[in-house]
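The structure appears below as structure tokens.
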Amino acid sequence: MKEMGEVFFSLLTLNNLLYMNIGLLGGIVVGALPGLTATMAVALLVPMTYGLDATTGILMLLGVYCGGTYGGSITAILINTPGTPAAAATAWDGHVLAKKGRAGEALEMALVASVFGGLFSTLVLMFVAPQIAKLALKFGPAEYFALAVFGLTIIASVSKSLVKGLIMGILGILATCIGVDPVSGIERLTFGNLRLTSGIQLIPALIGLFAITEILNKAKNSQEAAGTLEAYKKVTLKLKTILQYWKILIKSSCIGTFIGAVPGTGAAIASFISYNEAKRASKEPELFGNGSLEGVCASECGNNAVTGATLIPLLTLGIPGDAITAVLIGALTMQGLAPGPQLFVDHKEYVYGIMLGLILVNIFMYFQGHFLLKFFVNITKVPEVVMVPILLVLCTVGAYAAKNAVFDACVMVIFGIMGYFLKKLDFPLTPMVIGIVLGSMAEKNYRRALMISNGSASIFLQKPIALFFLILAAAMLLMPIIRNRKVKKV
């Protein structure tokens, strides 16, 4: 403890705090811009850390990471355009609240939940990292497939019509089949177009379905001004109100921490599963999708709890938990630090610095976020005639920046037009997004599991963790059917 105390005070230098807050501010702004992910920002800043002290450089990158994960919620709530895939679930309730003049409440809840989730997972990282890392390593193809299937059952709970929800979910899964077969390497559904061999990228599809669809709707009413939030200061959430959601905060943090510790999953999956679990356990599930603070709380707490958890396999085993921690491995290596068990022996002070630095990052994120919300909330006061072209430019840049490809901007437009007409026909877009996010993960791991078992599906029943998630998935699918039957009887 004495050693940790010394490291903590060494972090409180002007240089460390300055770079940490610069990274945090940059992360929030990048996260709020559709298509510009924290992964891009971290990757761009890695070369800049070479001339900095190892601790200072890592603190700046952690600031970008946490800020970027939280920042996606801002535009998700205000303009129904998730800045990051992980904020997609936040938009379902957050934007509805904004339309009702409660954007201030939604933004405050997103900030508080993000900070709580980040701090929770950091504390877990500090005290039980090795134990969680061992459990996460037990995940093989069968377990990943079962986890993806469990995630896909969210479709049943977020759709008013189960049939329409399943149709859209299948469309999303089909979109992930475009490109090269992950096992055989054979092209499929490309129709001879070389640009489709790399598949449909998530970010352009997400921007199209959420942002372009919303822009097309806004364009119809371009002369109308957006709703204003003149009394923003008066709707700041009180501690008593926040404490009403303590069960959701803890449960979503646990879900996000566990998901984040499993390499290759990510914040989007944690967000979806946390949202679904909050709806299942809620006394007012009918409010989800219609403006529920519980939904915003669960989604943001779940996806931000991933930030500390992804460092568990990184620091203890040298295995990146997601794309951002893969980039962080490069930054650590560049500073002469090799992630893994030996890091705790040879460079214990840097490990403590990363853990304690994450706590500082999340604390400063609350103050920065609280200050910036006063400016971000003014977005709702911009007339649609001004907002629509600005959004269109930002979305196009975001889709292009995903892979520096004009083709991705075209994909964005196609998905946007498709989403517009599907919404007109009362088809929910959320299940399609879930299908796109989880479809590839489910297919790849299903195929790999069958290869391991020589084609026997019994592998999914023989693995305890896989069986657990499949039973949960079956229960989630059956619950709406049972609930509807009970309602009909009454």
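From the backbone N, Cα and C atoms, a Cβ is placed for every residue, glycine too.
What TrEMBL records for this protein:
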type	residues	note
DOMAIN	17-434	domain 'DUF112'
TRANSMEM	20-46	transmembrane segment
TRANSMEM	58-79	transmembrane segment
TRANSMEM	109-129	transmembrane segment
TRANSMEM	141-159	transmembrane segment
TRANSMEM	165-184	transmembrane segment
TRANSMEM	196-216	transmembrane segment
TRANSMEM	248-273	transmembrane segment
TRANSMEM	350-369	transmembrane segment
TRANSMEM	375-398	transmembrane segment
TRANSMEM	465-482	transmembrane segment
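Highest Cβ pair count under 8 Å relative to the transmembrane segment (109-129), across stretches 20-46, 58-79, 165-184, 350-369: 350-369. Below 8 angstroms of C-beta separation, residues 152, 155-156, 158-159, 190, 196-200, 205, 422, 427-437, 439-440, 442-444, 447-448, 451 of the same chain, each at least six residues beyond the ends of the transmembrane segment (165-184), sit close to that stretch. Beyond its flanks by at least six residues, the transmembrane segment (350-369) meets 3-4, 7-8, 10-11, 16-17, 20-21, 24-25, 28, 54-55, 58-59, 62-63, 66-67, 70, 111-112, 114-115, 118-119, 122-123, 125-126, 307-308, 311, 315, 337, 343-344 of its own chain at Cβ-Cβ distances under 8 Å. Confidence over the domain 'DUF112' (17-434), given as mean pLDDT on the 0 to 100 scale, stands at 81.
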